[in-house]
Amino acid sequence: MFKENKNKVETIIKTSEEAPSSRLNGSQRLKESGLILAFLFSIFLAVALFSFNPADPSWSQTAWGTDIHNAGGLVGAWLADTLFFVFGSLAYPLPFITAFAAWVLLRKRDEGDEIDFTLWGTRLLGLTIVLLTSCGLADINFDDIWYFSSGGVIGDVLTSLALPTLNILGTTLVLLFLWGAGITLLTGISWLRIVEWIGERSIAAFVGLFNRLRGEKAERVKPALVKPELPVEELEPTFSASMDTEIDEPAPSLRRFNIHMPEERDVPDIHFEPQVEPKVELKPEPPRQREPAPHFSRVAAQNTQVEPVSSARTQQWDATIEELEQQARLVDDYAVEDDAVPSVLTSSTLSDVEDSILTTAISVDEEEESLSENFNHSFNIEVEDEEVEPSIANLHWSDDEDELEETPSVMVSPAIESDWEDEDEPDDRDVAAFQNIVSQAQANAAAQQNPFLVQKAVNLPKPTEPMPTLELLYHPEKRENFIDREALEEIARLVESKLADYKIQAQVVDIFPGPVITRFELDLAPGVKVSRISSLSMDLARSLSAMAVRVVEVIPGKPYVGLELPNMSRQTVYLSDVIASPQFKESKSPTTVVLGQDIAGDAVVADLSKMPHVLVAGTTGSGKSVGVNVMILSMLYKASPEDVRFIMIDPKMLELSVYEGIPHLLAEVVTDMKDASNALRWCVGEMERRYKLMSVLGVRNIKGFNDKLRMAAEAGHPIYDPLWKDGDSMESEPPLLEKLPYIVVVVDEFADLMMVVGKKVEELIARLAQKARAAGIHLILATQRPSVDVITGLIKANIPTRVAFTVSTKTDSRTILDQSGAESLLGMGDMLYLPAGSSHTIRVHGAFASDDDVHAVVNNWKARGKPNYISEIIQGDHGPEALLPGEQSESDEELDPLFDQVVEHVVETRRGSVSGVQRRFKIGYNRAARIVEQLEAQGIVSAPGHNGNRDVLAPAPIRD
């Protein structure tokens, strides 16, 4: 992305390094002054220690009227005496240690040369250990200096504590090993490498000495050892030269673009082919040595078992169509070879061999073979010709195979011949028509058994795990997060320079690289407004050769401005990574939904019960449907059908229809928008019923309701339904209250629902969004048309949680989020998440779930149980008793103010057309059509006939 600007970056770096070389700033002046004073103190300390005289007055003794012999004077005598008293002979290295520490801490550094506090912390720990152990060793092994202990007070304390328990030898060993560990922490020297080096040198010296003693044999061995090394030595200069030439070229650009990443992805494809082919070739061979009758069925069974073993979940993801076709050809070749064996046997010894495949094929094609037998006069030849495709018959008539095997196959042909010898020969057209019917039936059977089609009724084994496992999802290979610090620093300098071109002074203070984007946090100079940078987002994207640049005006908790740039190589966030994260595992709510990962790569999950409703919007292809599927799959990983139930509305009949048949569904997936209003009306009625139950029990939400039911059941006092009345059911006693599950209503395309049904849907959704949170009913609304007529103010006011994918304009972004930013997203799951009660958006890279992942989880739940659909959800009840509180029927709508005048006009003129009403009263077509529909509802005019005309049913007025 920044390859074209590399030369500009280098010039910026050079100018920035040459400019500040004359003067030091304030902090650098203080550091350099402190460094000079530290060197002066180190020199003074060394002079005082090396010129120490025990006769000088000091902290240890007092002298009166004597000359001071220490070169540092009275201060030097006191300082040296104190250090000798504390450290003993280990006081001599202290001046050098002080000077070195001052140089490390206070010297002038480059802008990119930062202090690694972890490294220097370990070095400081190592230095402390070395000083303490050295004092202890000196106290044990060395004589005292003057009247001071050789290890000082520190050595005396350590030895007095260790000698009573460890003795001299044990104390020495412990201190020596601690001293070695301190040296490793201080210098980083590996004692193991030193031991290996000493061992290698010792072995080499021993081998050389042994070869010299061997004489002539040693001379024979030397040329054999030297010759292989010569070409290596000759190749080394050429290799180093080539490396030098590559290094002289712009090497950082090569590292920046990560060219080696696609090569690593192609490696698994090379290993898949040799792993699959031998298994397909070797499996069918052993049955050939056995009986021919069960051969084909065993091959089919083995083929079904080979597929999961030879192609794992990751291999299925990377497999190509060519590989699948090649494997299919191999299986077909073996099937043809197996079919050739029974055909030869039937022609020679049909009465001695009982072949299940042949008899099954003959049972299906009896009539076809008998018809063609009259024209070819050779039954055996016809069997060989028709024996090519017995697989369809074997699949469909496997249940009758045992009955057919009881009779010898040789008895079939005489029966067929005797039946058709007495009849007349049919016409060629009848034979051709019958053959077409048979071939079409076989083709339909083959199409139903196609493995690439979705099987509606599949008997799957019931899983033993209580919830779906991670093995159902695709697991990507381990990816190394390579971060090029030099490239990031160059980009940071480039950002600063481009902002300087627009007269904006800013400094990059923090860089946060992520899987998709990298955020640069800018510290603006005093007086610079954030709006200036926001208005330059397009210009910055052009200057930085980036696809889009997003400006984060406010970062919570920081006084900086964020600048988000897309990475050169984008990583895919998979659903398995987020579900395996601790954030998802630690969440206890059954309505936990997965969103993806933030810019730092951390998992982002949310609780739908706290949202409590979410609006998902974005253009076509931005990842909106994948995001909705990820939310549903995450709840399927957390909740059982007793905890969460779904009502899914899918106008496109593609995205949510795959969930048909899971036990979580309350009704079939709604694909007709006219039924969608009934489903929403049922949700409103269920919400009202739940509120009545909660008011009777004295709880405030669904969690308290379920907890109270559980406590009552544990106490032995179950609660009966207080809203039950006589006649509601066939039972004489009210039923017990059961646990209420959360209900999640998922609408994949909300705009289509608004266009078809209209204002009623908006009112129903508004009622659910206002009151349904405590009742445990939550909405997930998705739309690809973020316009104000779809996302109305009434809906936005009641759905505070929004998720915006890529949109085309700032207006659409403001429609969804009430702020701009979504127009700068990168697509393919890149989203802005606005939590409830917050005005700051969070950039999230949406998790990806493939179709295979969705089918795997859905089949896992289908194997656990079947759904218990409620028919009233879709069918509804349009009677007056089914009206919700505050709802009016269509007949109770207010009549138009011109209704009476239109009635008078229609009755007099005896014409009830819409165009006539429109011309007479000079109104719009929609209003005129509405008035005519009201006339039809009142029985004044009839319904339109086949020609569109309406008859006036009301009698004409009586004239005097």
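Glycine residues also receive a Cβ, built from the backbone N, Cα and C atoms like all the rest.
Residues or ranges marked as transmembrane segment in Swiss-Prot: 35-55, 84-104, 117-137, 145-165, 172-192. For 193-960, the entry in Swiss-Prot reads topological domain 'Cytoplasmic', with the evidence type sequence analysis. For 601-814, the entry in Swiss-Prot reads domain 'FtsK'. Here Swiss-Prot flags GLY621, SER622, GLY623, LYS624, SER625, VAL626 as ATP binding site.
Shown on the structure are the features that Swiss-Prot records.
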{"residue": "GLY621", "record": "ATP binding site", "Cβ within 10 Å": "12"}
{"residue": "SER622", "record": "ATP binding site", "Cβ within 10 Å": "25"}
{"residue": "GLY623", "record": "ATP binding site", "Cβ within 10 Å": "24"}
{"residue": "LYS624", "record": "ATP binding site", "Cβ within 10 Å": "26"}
{"residue": "SER625", "record": "ATP binding site", "Cβ within 10 Å": "22"}
{"residue": "VAL626", "record": "ATP binding site", "Cβ within 10 Å": "20"}
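Within the chain carrying the transmembrane segment (84-104), a Cβ under 8 angstroms from the stretch's Cβ atoms is held by residues 34-35, 38-39, 41-43, 45-46, 49-50, 52, 59-60, 120, 127, 131, 134-135, 138-139, 142, 145-146, 148-155, all 6 or more beyond its ends. Classification of SER622 (ATP binding site) by DSSP places it in coil, neither helical nor stranded. Other than GLY621, SER622, GLY623, LYS624, SER625, VAL626, the residues of this chain whose Cβ falls within 8 Å of the Cβ centroid of the ATP site are, in sequence order, GLY618, THR620, GLY627, PHE805, MET828, GLY829.
The average pLDDT computed over the domain 'FtsK' (601-814) stands at 89. Beyond its flanks by at least six residues, the transmembrane segment (117-137) meets 87-88, 90, 97, 104, 151-152, 154-155, 158-159, 162, 171-172, 175-176, 178-179, 181-187 of its own chain at Cβ-Cβ distances under 8 Å.
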